[in-house]
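Enquirer: One structure, as structure tokens, below. Some questions next.
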Amino acid sequence: SPPVCGNELLEEGEECDCGSPANCQDRCCNAATCKLTPGSQCSYGECCDQCKFKKARTVCRIARGDWNDDYCTGKSSDCPWNH
């Protein structure tokens, strides 16, 4: 089925989906189009802060056991597994 903008599920073709325009509280996301607002790089994620990607080498997941800390790349809002 085609993506539905406004259902709070990020689907193919959408950059963000914060719900209906009446309920959206995300200034990084245009609720009517499910696209990022002008100047925004992201709207969510461990490596997203105030609509921008966090700087590279920012810790996004603390080490546990034998694993190393995980770091933002500066190019994505996702926190990659670096172990």
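Including glycine, each Cβ sits where the backbone N, Cα and C put it.
From Swiss-Prot, for reference:
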DOMAIN    2-83  domain 'Disintegrin'
DISULFID  CYS5-CYS24  disulfide bond
DISULFID  CYS16-CYS34  disulfide bond
DISULFID  CYS18-CYS29  disulfide bond
DISULFID  CYS28-CYS51  disulfide bond
DISULFID  CYS42-CYS48  disulfide bond
DISULFID  CYS47-CYS72  disulfide bond
DISULFID  CYS60-CYS79  disulfide bond
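What's the neighbourhood like for each of these?
Expert: In three-state terms derived from DSSP, CYS24 (disulfide bond) belongs to neither a helical nor a strand segment and is classed as coil.
According to its DSSP assignment, CYS34 (disulfide bond) is coil. With a 10 A radius on its CB, CYS34 (disulfide bond) counts 22 other CB atoms from all the protein chains.
The Cβ neighbour count for CYS18 (disulfide bond), using a 10 Å radius over every protein chain in view, is 21.
Reduced to three states, the DSSP call for CYS51 (disulfide bond) is coil.
Taken residue by residue with DSSP, CYS42 (disulfide bond) is part of neither helix nor strand, so it is coil.
Cβ environment of CYS47 (disulfide bond): PHE53, LYS54, THR58, CYS60, CYS72, THR73, SER76, SER77, ASP78, CYS79 lie under 8 Å away, each six or more residues apart in the same chain.
CYS79 (disulfide bond) has a Cβ environment of 19 other Cβ atoms inside 10 Å.
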Enquirer: Of CYS24, CYS34, CYS42, CYS51, which disulfide-bonded residues are close to CYS18 (disulfide bond), meaning a Cα within 10 Å of its Cα?
Expert: CYS24, CYS34
Enquirer: Just to verify a number: CA distance, CYS24 (disulfide bond) to CYS16 (disulfide bond), in angstrom, no decimals.
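Expert: The separation of the Cα atoms works out to 11 Å.
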